[in-house]
Amino acid sequence: MPTTSQPPSPEPLRASLSDADDRIRLNHWMPPQQGIFPRIRIGSRWINTLWVLPVGAAALLCLIALAQSLRELPSVAAFIQNHPGIAQSAPPVDTGFPWWLQLQHFLNMFFMLFIMRAGLQILADHPRLYWGRDCTPGSDWFRFQVPVPKGRIWTAKDDSVTLPTWLGIPGLRHTLGLSRWWHFSINLLWLINGIAFYALLFSTDQWHRLVPLTWEVFPATLSTAIQYASLNFPVDEGWTRYNGLQQFSYFVTVFVAAPVSIVTGLMQSPAISNALGWFGRLFNRQAMRSVHFISFAWFVGFILAHGAMVFVTGIRQNTNHMFGGVDDASWTGFPLFLLAMAIMFVAWLAVSPLTIRYAHLVQRSGAFMIGWLMGLAEGWDPHSQLTKKDISPYFWPNGTMPNSKEFEDFLAENFARYRLRISGLVEAPQEFSLADIKAMAKQEQITTHFCIQGWSGVAEWGGVPMSDILALVKPTPEARYAVFYSLADGADGGRYYDVHKIENMRHELTILAYEMNGAPVSVLHGAPLRLRCENELGFKMVKWVVAIEFVADFADLGAGQGGYNEDHEFYGYRMPI
Ligand SMILES: Nc1nc2c(c(=O)[nH]1)N[C@H]1C(S)=C(S)[C@@H](COP(=O)(O)O)O[C@H]1N2
Ligand SMILES: [Mo]
């Protein structure tokens, strides 16, 4: 029989997908929810970090008094005499502050504004930090949200909090889809600037400023710390050499905090963490999140201290150096410094309102700038599996639960009449009952779930490999994507769905799971079937799966972005990071 290339009729559930807006409309968005002032757990006590203000002020006063009385001691005076602050054997820099250094300093400051604010916004989507791999309530060491309520379903989305629009980007609750585009694309620019900075630093003599070349840096740091604390500042030779404390703090910022931020950021990704095997298991996502945050806190502290020192140690001279490139008594640098601050101020005010208004544009520009690079991580093998003892005692639920008559009826009959429909660009479209699925060879795996919001959890999943399903239905060569349709709607109406590249469906750990931790998957976690795809973030693992359609393109599905959260929350359809 001649084969006619009749296009298969599209999955009827397509009609139940919804269109989406290109901006955030407040009346459609998650209602705001205030968090609480950040708290840190010490033992079993939660301490409000606001105590930092009175305790810090008292400590500062004590430190000043201590440093001043220390300087009265002849031995300390002699020590400062011998170690005035700048390691005398350190070579001076001959080139002052060249234009490229000034430019990179400005760009770094400018980029950090976006990176840090967008990073906080991401954190506000799961406003808790942990050291362990699982996110069991009560095991957090830092939070700006109340304890997890007991006796009711409390999803990770319920847990997210609003930030002020001047602080987060864009500040509204659960907007990390947008803040992630800012965070990652500006990170790329910041990284390029940083690499160029390292290269120029070491190809000129400028690295002498930052890299201590003698052990003298330690007594010099101690000496300058005492001098600063006594409010009788050390002599300033910043044009040619930094003193011990400057060298120490700049070195840590440039050569420790920055690389640590990059590595701990990447290690939060499912594709990267799972591809790295034992390394990813040892440096688990929650520990990496915590270190990422501590590194952020260092940057905040550094910026506050550095900014204050610029003013109190001579604003005219300091801005002449870093914004004017001159070492004289003129006012060359100060107006340029003001201009830089004005640019920062305007950017600061504009970015949140513009992001809310042009959300889809932010999504598109972000995907253009960084989506392709993030997508590279999909090529790595996410093979990492854990053991039974790693299974999390608590696994956060997430998403919008099914609430249709159809689902209730299925559930009432224990899914006896449920059918999984597979259609689209396949040679053998088929329907499977749950019994059919369970009759196929079962695969079990213990893997980590990485939710985009920041939480993670380990569970043992049992189900059928998607590759076995593919072998039965035989996708045609034109089939490039698998669309998973859920029985449940998404938060803003319209059916939940998500699109996966077909390569990901062939991976041995991609399964349709009907068991979780040895029991049938609960309704909360996606009964009767939910997807596991270990190199993607959690939102792509559709729960309550009812149909899978193979397609060549997804532009005509829903709002065309490749999934419900892609359409409605401005995520990217490839999210291995
Ligand atoms: N149908 C449907 N599937 C969904 C969601 C949803 O809202 N609807 N949420 C996703 C998100 S954001 C995550 S993190 C996981 C959560 O799975 P869990 O509830 O088993 O933890 O399911 C994903 N699958
Ligand atoms: Mo998620």
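Even glycines carry a Cβ here, placed using N, Cα and C.
In TrEMBL, annotation is done automatically, which means it is predicted and not curated.
Annotation source TrEMBL lists transmembrane segment at 46-67 (among others).
Feature annotation from TrEMBL assigns domain 'Cytochrome b561 bacterial/Ni-hydrogenase' to 97-325.
Under the heading transmembrane segment, TrEMBL lists 106-124 (among others).
Beyond the transmembrane segment (181-201), the same-chain residues lying 6 or more positions past its ends with a Cβ under 8 Å from any Cβ of the stretch are 100-101, 104, 107-108, 111-112, 114-115, 117-119, 121-122, 169, 207, 210, 254, 258, 262, 265, 351, 355, 362-363, 365-367, 369-370, 373-374, 570, 572, 577. Per TrEMBL, transmembrane segment is recorded for 181-201 (among others).
Note on the transmembrane segment (248-272): residues 187, 191, 194, 197, 209-212, 217, 221, 242, 280, 283, 285, 288-289, 291-292, 295-296, 298-299, 302, 305-306, 377-378, 380, 382, 448, 450, 454, 534-537, 576-577 of its chain, located 6 or more positions outside it, place their CB under 8 angstroms from a CB of the stretch. Annotation comment: TrEMBL describes 248-272 (among others) as transmembrane segment.
Among the features that TrEMBL reports, transmembrane segment is placed at 293-315 (among others). Tertiary neighbourhood of the transmembrane segment (293-315): same-chain residues 112, 116, 119-120, 123, 129, 142, 233, 236, 249, 252-253, 257, 260-261, 264, 334, 337, selected by CB-CB distance under 8 Å and a gap of 6+ residues from either end.
The annotation transmembrane segment is assigned in TrEMBL to 335-356 (among others). Here the transmembrane segment (335-356) has Cβ contacts under 8 Å with residues 23-24, 106, 109-110, 113-114, 117, 165-166, 168-172, 175, 178, 182, 315, 319, 322-324, 362 of the same chain, all six or more residues outside its ends.
Among the features that TrEMBL reports, domain 'Oxidoreductase molybdopterin-binding' is placed at 415-552. On the 0 to 100 pLDDT scale, the model's mean across the domain 'Oxidoreductase molybdopterin-binding' (415-552) is 98.
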Surrounding residues of the transmembrane segment (46-67) on its own chain - C-beta under 8 Å, 6+ positions past either end: 37-40, 143, 226-227, 229-231
